[in-house]
């Protein structure tokens with residue numbers, strides 16, 4: 001007998017189910033979903049290493065600023081820091097674009113690059129003022145609150161969703177920074193202006209972070225972005241130095257060496273490596289790694305200046321590293337193939 005076009009052997013009007021068909025009906029298909037792994041993408045490992053190295057290079061800048069301050073003012077030293085690094089940055093840009101011809105001229109003089117350059121003018125002005133008007137510990141701690149501003153601006157202005165792990169990492173880093181530098185901090189009315197300069201530094205540094213990230217994601221190479229924003233910064237600082245400083249040219253060998261080291265290590269090295277990292281890592285996470293500046297300052301003080309490293313400071317450094325680990329970018333693991341469950 002045939003019913004609805006299918007052969008139905010057996011009793012009339014009854015259909016015998018095929019065993020294979022019955023098995024298919026009783027199975028449920030699982031939908032593959034991506035899961036997050038604890039590791040970052042292989043391409044981000046090099047960017048993270050560059051970020052750490054850049055933070056360490058920027059962390060030694062207060063030492064050079066103090067040496068230069070015996071001869072010239074803070075605005076002049078900020079100008080020379082950027083200006084003397086320009087030949088190195090230009091050579092880096094040319095070599096980078098010669099090795100990768102597709103990068104040449106891409107996103108040249110983007111608005112994000114110019115914005116980052118002006119933001120860095122504000123950052124360096126107030127950073128050097130903070131170093132000279134409060135303790136190095138105070139200036140470093142308040143300047144490293146930049147991640148707080150990065151997260152606030154990203155969330156409130158750019159409408160970026162902030163992961164809970166990032167917030168947890170920020171809390172750990174802030175606690176670690178307080179423990180690491182807290183014993184050396186000196187809150188006094190005479191240093192209040194310097195402390196405020198440190199907070200303003202953090203705000204401008206946050207704007208700089210976001211500007212560089214935007215410029216890099218728009219296609220600009222790390223070398224070109226760093227060189228072009230440094231031209232903007234040098235021009236802005238030159239105007240400020242001419243107006244505010246009596247002496248711009250360094251006259252002592254110590255000041256000249258300090259400015260050269262500041263330019264090559266802290267600017268070309270530190271800011272250049274930061275630009276490399278921001279091409280692959282988000283600004284929100286990258287800003288947290290800047291807390292390593294405080295760790296580097298404590299370690300250099302222990303190794304070079306024989307400053308005591310207390311247990312509380314060591315625990316603070318460990319909290320910073322833990323915060324960075326907690327906030328690290330996750331990557332989605334490819335979904336497993338669909339699997340039938342009985």
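The chain as shown is numbered from 1 upward.
From the backbone N, Cα and C atoms, a Cβ is placed for every residue, glycine too.
Checked against TrEMBL, the range among 21-38, 75-92 recorded as transmembrane segment is 75-92. Note on the transmembrane segment (311-327): residues 163, 165-166, 168-183, 285, 288-289, 291-292, 294-295, 298 of its chain, located 6 or more positions outside it, place their CB under 8 angstroms from a CB of the stretch. Remark: secondary structure over the domain 'EamA' (48-176) totals 103 helix, 0 strand, 26 coil, with classes taken from DSSP. The transmembrane segment (45-69) shares more Cβ pairs under 8 Å with 256-276 than with any other stretch in the list 75-92, 165-184, 196-213, 256-276.
By the Cβ criterion (under 8 Å, sequence separation of 6 or more), the transmembrane segment (256-276) is in contact with the transmembrane segment (75-92), since 3+ such pairs are found. Across the range of the domain 'EamA' (193-326), the DSSP-based residue counts are 109 helix, 0 strand, 25 coil. Take the transmembrane segment (112-130) and the stretches 136-158, 165-184, 196-213: counting Cβ pairs under 8 Å, 196-213 has the most.
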